[in-house]
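Per TrEMBL, the feature active site, proton donor maps to Tyr124. Look at TrEMBL and you will find Lys195 tagged as active site, proton acceptor. For Arg177, Asn432, Asn476, the entry in TrEMBL reads (S)-malate binding site. Residues or ranges marked as divalent metal cation binding site in TrEMBL: Glu267, Asp268, Asp291. Positions annotated as domain 'Malic enzyme N-terminal' by TrEMBL: 101-282. Here TrEMBL flags 292-545 as domain 'Malic enzyme NAD-binding'.
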Amino acid sequence: MASEMEMAGGGVEDAYGEDRATEEQLVTPWSFSVASGYTLLRDPRHNKGLAFSEAERDAHYLRGLLPPSIVSQELQEKKLMHNLRQYTVPLQRYIAMMDLQERNERLFYKLLIDNVEELLPVVYTPTVGEACQKYGSIYRRPQGLYISLKDKGKILEVLKNWPERSIQVIVVTDGERILGLGDLGCQGMGIPVGKLSLYTALGGVRPSACLPITIDVGTYNESLLNDEFYIGLKQRRATGQEYHELLEEFMSAVKQNYGEKVLIQFEDFANHNAFDLLAKYSKSHLVFNDDIQGTASVVLAGLIAALKVVGGNLADHTYLFLGAGEAGTGIAELIALEMSKQTDIPIEECRKKVWLVDSRGLIVESRKESLQHFKQPWAHEHEPVKTLLEAVQAIKPTVLIGTSGVGKTFTQEVVEAMASFNERPVIFSLSNPTSHSECTAEEAYTWTQGRAVFASGSPFDPVEYEGKTYVPGQSNNAYIFPGFGLGVVISGAIRVHDDMLLAASEALAEQVSEDNFARGLIFPPFTNIRKISAHIAAKVAAKAYDLGLASRLPRPDDLVKYAESCMYTPAYRSYR
């Protein structure tokens, strides 16, 4: 009979306990240290509040420390949702949710899973953006790990200060480009914290296997440098060698401390660093950039689904992007990859169907010398074009995608031009938060007489137009990264391959039903997100096994069932 450890690792010794990271750890609250009643009530992982039973209150010295009433988790959830709905200011809801996470972890995730459509905009975009801007003022207790320039040479020691050993997913930011809000320095911590709460709620990765990290190398934000409540280093950003040495030490320390199979997600790094870090570490570490790869994967899924409405395949369409940063070039590359895969046409040829407009106009061959390296593959033969409207009129795209971070750039003239030569123009206005969206859902439907196939990055309410209700799709990365992360974890993948991202896109597009299409939706409703995540995880894991990148052997027969069995559930457990 194989030992339990061998079974968990599929015959490979699991020195770091990594293979068990999504599995429930059957521990009692005092297995590491004896938790008296008072301490137990202040331990968010094990606290159940008024849901402790009579027997548990006796066994764990809780008698008298709680009011005599005993309530179910469902009643606790009902009360908290009622309280949350009393708040009119979204930031107050965010603070209330963070307080709950610090007080009662399982109840926090139960609330988030059961009310995902209502609470997702609270714990993540758009509210998390405001929370990051005011993070110094609303800061109460530290969440995650802060690594700063002061820690150079000691990063491994800093990682060892984190109480959990078996970390499976790290989300790390340096705060330089938070959403569309710019450099928020150390206050960007709200993003890794929010992202990882979604890895757990939507993807089922155990909370204790998640580690949010902010790398503080200073900030260019003058208002933060002059703010007495700013919680980060009050100095201008380190760049060049100093910056890259710190990142190199960090990446080495992570691998040394947590092993080969920890997924490191780069989040909200500035363009120049994001591409460099992904290129540099994708060969030696299990790394993923949600802004480049996650955004691309979810948008590609939306396009695959949209083409079922519009007709044709990817290669039959022409794409025009406003914005040529991480998101724009990442999406463009994944579209070209999938097109190449579907048609067997070389990727260089496929790229010619995709055009990008940046702040200086259409990216064309004559500008190639002055372009940043990640824009160069998109410089095609064409005379220079200065404005988006002129580009739309010249290129005549069937698909218009906005990743510019600048609101109101899809003007009435631009949208009407799209409608003039397309029966069903596909318009994706992806910039976050809502105020930065290139156009609103109402504008897109009104200016195209209800013909647009529309999706946005931030949520918009359904639109009534001439007696018909249109439901805009939300191209939200939360559809992809939690399931993608779970797939990487359950397969024990050691590297991320582009084909795994394509598999995630295809899996998401498959989840859109005929009923969804009938309502104008090109993304499935978020209410089924855990089921969707399990399917994405299964497809990603299958691709990892096919590519020989999976280390968890033998391969499970039914990957969907296996993914579901690995997912964290937030129901209370009974303590003996």
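Glycine too: its Cβ is placed from the backbone N, Cα and C atoms.
Just so you know, TrEMBL annotations are computer predictions that nobody has curated.
Everything TrEMBL records as a feature, shown here on the structure.
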residue	record	Cβ neighbours (10 Å)
Tyr124	active site, proton donor	25
Arg177	(S)-malate binding site	23
Lys195	active site, proton acceptor	27
Glu267	divalent metal cation binding site	29
Asp268	divalent metal cation binding site	26
Asp291	divalent metal cation binding site	23
Asn432	(S)-malate binding site	22
Asn476	(S)-malate binding site	27
I'm trying to understand the geometry here, so how far is the Cα atom of Tyr124 (active site, proton donor) from the Cα atom of Asn432 ((S)-malate binding site), in Å to the nearest whole number? 11
Taking the Cα of Glu267 (divalent metal cation binding site) as the centre, which of the recorded positions listed as Arg177, Lys195, Asn432, Asn476 lie within 10 Å of it? Arg177, Lys195
Taking the mean position of the Cβ atoms of Glu267, Asp268, Asp291 as the divalent metal cation site, which residues outside that list, in the same chain, have a Cβ no more than 8 Å away, listed in sequence order? Thr173, Arg177, Ile178, Ile191, Phe266, Phe269, Ala274, Asn289, Asp290, Glu326
Report, in whole Å, the straight Cα-to-Cα distance of Asp268 (divalent metal cation binding site) from Asn432 ((S)-malate binding site). 12
Among the recorded positions listed here (Lys195, Asp268, Asp291), which has the Cα closest to the Cα of Arg177 ((S)-malate binding site)? Asp268
I'm trying to understand the geometry here, so how far is the Cα atom of Lys195 (active site, proton acceptor) from the Cα atom of Asp268 (divalent metal cation binding site), in Å to the nearest whole number? 11
